[in-house]
């Protein structure tokens, strides 16, 4: 055997041992271009140059998906083929790589930001779009995937490149978010359902205390406005409340007669604020005609209020 042939066989034997130790990346049909980049980087680092060894490595990496490449494998297995790896690579790319329409459909169907940075989302969209998708199209789709607050700021930077816009979006999404949320929680603390239920008895006790104090000091009577009127024929204004006691005693009307006039079936008789005054309807000396006039006057007063 001539020296060149011996050297070739020695090289193949060495590469076979090297390939058996290479950590071949798992086959990724959804990102086939990146997978080939990683595979060829492994070939370069380990100095694998044999076309047949590269070809066989691709078949091993395909696993059960190699059945889809049967025609390409049969073609490359022929002895006269000199570029097996490139032929196999082209066949794998053509089969697994999505078309331009499929890429655009995937982008338009919606890619959410999630917990990723805006720059990472942009890189993912560029990978999905491929070389046939322009930056203007990707930029518009990327902008719609951002939060409204970030989108409004980025939209004000039309002259900046997509990379610069992505960097600004990353800064907006990072540190300030925790600080703003912390300030918001301090100003407006949110109580849990259990805490709100526990606070109900205390609130009820406070309301009862305030109500008791108001009744004790005469600021909140059970019938403050409607049960007693200082006068008839006039509204309860500050001037009418300051009439002298004699006028009040002469012209006081109880709540029942104020509400129902001459048709009232009950009468309080004595003014609870002043025991010296009685309801004018209760007084027997008031003629029936006068009672009717008073009833008409009270009716007008109530309808004007």
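Backbone N, Cα and C define each Cβ position, glycine as well.
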Need the matching range: TrEMBL marks region 'Disordered' on one of 211-244, 245-278, and I'd like to know which.
211-244
Quick one: average pLDDT across the domain 'DUF7041' (24-108), no decimals.
82
Summarise the domain 'DUF7041' (24-108) by DSSP state, stating how many residues are helix, strand and coil.
65 helix, 0 strand, 20 coil
